Amino acid sequence: MQELGFKLQFKQEDVEIIRTQTRYKGFVQVEVLNLKHRLFASKQFGPEISREIVRRRQAAGVFVYDPYLEKFLLIEQFRAGALNAGDTPWQLEIIAGLIDEGEDGIQCVTREALEEANCQLQNVHFIQRYHTSTGASNEIFYFYAATADLSQAGGIHGEASEGEDIRVHLFRYTDIDALLQHDLIRNAELLVAIQWFQLFLAKNKK
């Protein structure tokens with residue numbers, strides 16, 4: 001690993017939680033935190049502030065591609081959050097889901113690939129983890145990539161008991177620029193995946 005010569009100044013112990021109040025508890029939990037944290041200039045604790053946090057289970061997603069067909073798989077499904085944002089609520093996405101208790105990220109994406117696309121993953125490897133919204137949520141997203149035989153991929157899938165209605169789409173490697181130009185990549189998970197895949201293809205160019 002390359003030496004960077006940089007580290008973040010503060011850690012978790014540089015935050016003092018004064019009070020935590022749960023305001024809502026359902027599929028997600030909304031909490032109000034009253035806290036103090038150290039300031040850059042003085043390195044002392046600043047005044048008490050209040051922040052609202054959405055707590056939920058951690059999530060994992062996988063970008064699936066077929067190196068023989070030179071195609072990759074995306075899913076399309078309804079997303080209420082995009083509706084409230086004034087965007088189309090049907091989004092192109094990578095396969096993803098919440099990590100169940102007792103699962104790790106690989107087990108999660110393997111299960112989700114079968115549920116959402118009837119797809120058997122091969123060569124699953126971890127790429128990166130990242131916070132989806134550090135200002136408002138505790139969610140961490142674990143991003144994986146995997147190969148699969150996509151010769152028979154397609155159709156409509158999902159768990160009906162969970163209200164899922166998911167369509168599978170296949171794209172050629174050469175479709176990436178067109179997807180970007182036509183504003184069809186509208187969520188962070190897919191954008192991160194596409195950017196990773198572009199770098200991966202450039203690094204492994206024949």
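Yeah, the Cβs are placed from backbone N, Cα and C, and that goes for glycine too.
Bear in mind that TrEMBL entries carry predicted annotations, made automatically and left uncurated.
Worth saying up front: this structure is predicted, and the values here are computed from it rather than measured.
Cross-referencing Ala96, Ala153, Ala178 with the Mg(2+) binding residues that TrEMBL gives (Glu112, Glu116, Glu164) picks out Ala96. Listed in sequence order, the residues Ile75, Gln77, Ile95, Gly97, Ala113, Glu115, Ala117, Gly158, Ile166 complete the 8 Å Cβ shell around the Mg(2+) site centroid, once Ala96, Glu112, Glu116, Glu164 themselves are left out. Counting residue by residue with DSSP, the domain 'Nudix hydrolase' (55-198) contains 41 helix, 53 strand, 50 coil.
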